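Engineer: Here it is, the structure, as structure tokens.
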Amino acid sequence: MVHGSVTFRDVAIDFSQEEWECLQPDQRTLYRDVMLENYSHLISLGSSISKPDVITLLEQEKEPWIVVSKETSRWYPDLESKYGPEKISPENDIFEINLPKHVIKQISKTLGLEAFYFRNDSEYRSRFEGRQGHQEGYINQKIISYEEMPAYTHASPIHNTHKPYECKECGKYFSCGSNLIQHQSIHTGEKPYKCKECGKAFQLHIQLTRHQKFHTGEKTFECKECGKAFNLPTQLNRHKNIHTVKKLFECKECGKSFNRSSNLTQHQSIHAGVKPYQCKECGKAFNRGSNLIQHQKIHSNEKPFVCRECEMAFRYHYQLIEHCRIHTGEKPFECKECRKAFTLLTKLVRHQKIHMGEKPFECRECGKAFSLLNQLNRHKNIHTGEKPFECKECGKSFNRSSNLIQHQSIHADVKPYECKECGKGFNRGANLIQHQKIHSNEKPFVCRECEMAFRYHYQLIQHCQIHTGGKPFECKECGKAFSLLTQLARHKNIHTGEKPFECKDCGKAFNRGSNLVQHQSIHTGEKPYECKECGKAFRLHLQLSQHEKTHTGEKPFECKECGKFFRRGSNLNQHRSIHTGKKPFECKECGKAFRLHMHLIRHQKFHTGEKPFECKECGKAFSLHTQLNHHKNIHTGEKPFKCKECGKSFNRVSNLVQHQSIHAGVKPYECKECGKGFSRVSNLIQHQKTHSSAKPFVCKECRKTFRYHYQLTEHYRIHTGEKPFECKECGKAFGLLTQLAQHQIIHTGEKPFKCKECGKAFNRGSNLVQPQSIHTGEKPYECKECGKAFRLHLQLSLHQKLVQVRNPLNVRNVGQPSDISSNLLNIRKFILG
């Protein structure tokens, strides 16, 4: 051997059993990496050495056992009982046994090398026999478990004269003093090698060198199949399994296969429920030591991995790698089924289960199955109610650490992830990725029933339950069932009244962070979502999506009861309650019940008098933001929605839809009392109140009652004299916007409503309906007292007042409708007293 040349033994690292057991799983992985990397560097320097047996075993991720024959066991009969056979081969009279290095040395002195059969036997034996002076080193490098010396040897371990430096802690010898100093740091815990980039410290210099590659981005180990590069050889070896797809180790419990025995062992602990590694901080247990180490970083708050783009810090290096792909847009893992690409292999594996439909993890409580174990673990918290992670700001608890971290960003108001398309910021990279799909219009998830496409898988799941009608999540308070767990969680806040998210501008509180974010855009006036058809801008993407359907006319959701179509599934669900008549939301003030919770909230503001939304033009305040938006159109005069039939324009799409039903003549909503049809359900609801005679709205001034709140508002203006709506043509003022709209037709002379029977035109749709009944002869309004029928509800009202005053006025008979005018004076006198 040439003096000064480097051999594999010069760079090999040895461990005793005591040392090996002190190492954490990630440190054992480091050993594999270091040994493989050292060998790789020697080859790259031009060393013409054959591959050591230990390298072959490490590449295959096998344990390097020593193999002993039965002949040896006759000379040393207590070997088998002392150390135990690992594998017996009756044909060759051979068994595997785990021996300490000094026992191997002692046996080889007595019986020679023929007592042993080494793996890769001929190759290893020739090298071993050629290096008699290095027997101990070659066997020691194979990570053989180190035991106490058995009684039969009667000798101390033989120490090589080339290793004069002894460790006083464990008795291990080293050839260099520097190696001894490095080794002693294992016992002392000293970490003298510090990274200048992030400050992290290490026990060994090789660990620091490996770590620095994360900062430099150096990736010297490249896959020949796909060209992907890695920092470490073990990473490359694991990656190669993706291409070979060898899975030799199968779980007997669930049939799942693995390409490494260690992965199978780790997986089997899931079925066994064994979790020997417990956190001293919070008591949480894990089935792997590496998982415990990762978990403990949550308590220490250590985040050594920093992104150079946005300076965001992470606990784990894999999190930094995943995060960096948000900036680069790299998605190296592609699904062969639908061509969708992912930033991480784990996400691809998770996605592929959607196509396979595989769900091996089942909940023992309710039988629900999941494709991933972490999904099952999250689901279990529903049954246990456990929420160990608490926010120090507001006291809210979560069942997952990631949810707590996401929640805390709401308080910190940190939004490091910015969309390059529209500039919107997000506190999570996942939210940015979801948001970017809005701009790309990508919708890879398609419903098999109706072929409707969705951007996200959860939207598809939610949509499918419209077809199946499945609602597995039930509220224990009121029994209401929901198709999604998030809907149930949102609903529960109605009962608890909890609203932890408060607006700093106006103090209004919300039960969801997303609602607060939506609300804050009211103060900023930001409207980033613009319609490409008409240029109208919206605060929320949902509003834009709804608006776009007005241009396309798309209505995929059909009511099976009456055949009506809707643009949104939520609108269909709301509509269904009309047929069922169910009204689960009741006002505690007046007992009035509502079909929807939002209707109850709107109603309650009438009792409280709360009007937080004020018009900057005229100072008028409103209880709802939508009311303010409608009001603003009075000042701007904007009417973007135009009827194609008659050219009339409207400031709201709902008004246009309502108007179009006049031309179509469609009236799907029929009153069960009198059979009258209506084009809108709200009109039917208003009409039904005429039959019930309920008048819940009372004037505080004169105690007069009204069926509708708008009637009370209109009536108040009689007392106050307020007339806020002024005609710009003649200056005349009105108490109601509808009165102003009717008046303005006088100036324009517009009469868009034409009778098909006689051709007569009218400036109001209600005026058209009245003469049409002349042609049809229809009289739907009947007096319950005398059975007389009328064409118009106004005629019925006047008739009922005549009947009411008949006795006090000594009126014996009420004749034809022409008699009404002759009695008006008497009615007026009676009413005024």
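Cβ atoms here come from the backbone N, Cα and C positions, even for glycine.
Just lifted these from Swiss-Prot, have a look:
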type	residues	note
DOMAIN	6-77	domain 'KRAB'
ZN_FING	165-187	zinc finger
ZN_FING	249-271	zinc finger
ZN_FING	305-327	zinc finger
ZN_FING	445-467	zinc finger
ZN_FING	473-495	zinc finger
ZN_FING	529-551	zinc finger
ZN_FING	557-579	zinc finger
ZN_FING	585-607	zinc finger
ZN_FING	613-635	zinc finger
ZN_FING	641-663	zinc finger
ZN_FING	725-747	zinc finger
ZN_FING	781-803	zinc finger
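Can you tell me where each of these features sits in this structure?
Structural biologist: Sorting each residue of the zinc finger (249-271) by its DSSP state yields 11 helix, 4 strand, 8 coil.
Residues 198, 214, 294, 297-298, 343-344, 416-417, 429, 432-433 of the same chain lie 6+ residues outside the zinc finger (305-327) yet bring a C-beta within less than 8 angstroms of a C-beta in it.
Long-range contacts of the zinc finger (445-467) within its own chain (CB-CB distance under 8 A, at least 6 residues past either end) are made by residues 354, 434, 437-438, 483-484, 556-557, 569, 572.
For the zinc finger (473-495), the residues of the chain that approach it from at least six positions outside its boundaries are 382, 458, 461-462, 465, 511-512, 584, 597, judged by C-beta separation under 8 angstroms.
Away from its own ends, the zinc finger (529-551) comes close to residues 438, 518, 521-522, 567-568, 640-641, 653, 656 of its chain (Cβ-Cβ under 8 Å, at least six residues beyond either end).
In terms of DSSP secondary structure, the zinc finger (557-579) contains 11 helix, 4 strand, 8 coil.
DSSP states for the zinc finger (585-607), grouped as helix (H, G, I), strand (E, B) and coil, give 11 helix, 4 strand, 8 coil.
Sequence-distant contacts of the zinc finger (613-635), counting only residues of its own chain at least 6 positions beyond either end whose CB sits under 8 Å from a CB of the stretch, comprise 522, 602, 605-606, 651-652, 724-725, 737.
In the predicted model, the zinc finger (641-663) shows an average pLDDT of 79.
Within the chain, the zinc finger (725-747) has long-range Cβ neighbours (under 8 A, six or more residues past its boundaries) at 634, 714, 717-718, 763-764.
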Engineer: Could you break down the residues of the zinc finger (305-327) into DSSP helix, strand and coil, giving a count for each?
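Structural biologist: Summed by class, the stretch gives 11 helix, 4 strand, 8 coil.
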